């Protein structure tokens, strides 16, 4: 999605919006990281106040994918911090969207990766390894499935059933 904005994608695809093939997340996320525009195929993860599986995913090669984490919208601790984001950047992840909190904001803002989260929180997460990988999740008013595509810029975040040719 080189020089095409999410707004332009919406304007050009009213039929995909009507059919539900193209959905916009509710505007609840803060923008972090140096890469304000990013896109890629989605990998889903569902956790609650536990970041072991988040770290495990980001240790893998990203190959331009976007990790979308349903953290249950918890604002009691951070489930993503600076070290895993640096690792994600180095492993080729395009971005990370967290329905929860992050920490180490200054470090994350120095990374060339796109990060969206509800807020920042200084407390760290549990380390029990609980959660579900590659499952459908519902965040920001939208159901998201593993393998769909995410497009993000400063206007918002779009989810598409397939890769858009723009």
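Cβ coordinates come from backbone N, Cα and C, glycine included.
Residues or ranges marked as substrate binding site by TrEMBL: 81, 82, 83, 84, 103. Positions annotated as Mg(2+) binding site by TrEMBL: 104.
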Around the substrate site (81, 82, 83, 84, 103), what further same-chain residues have their C-beta within 8 angstroms of the site's C-beta centre?
78, 80, 85, 86, 102, 104, 107, 108
Filtered by Cβ under 8 Å and at least 6 apart in sequence, the residues in the chain of residue 81 (substrate binding site) near it are 51, 102, 103, 104, 107, 108, 124
Which of 82, 84, all binding-site residues, has a Cβ with the fewest other Cβ atoms inside 10 Å:
82
Taking every pair from 81, 82, 83, 84, 103 (the record's substrate binders), the biggest C-alpha distance in Å rounds to 11
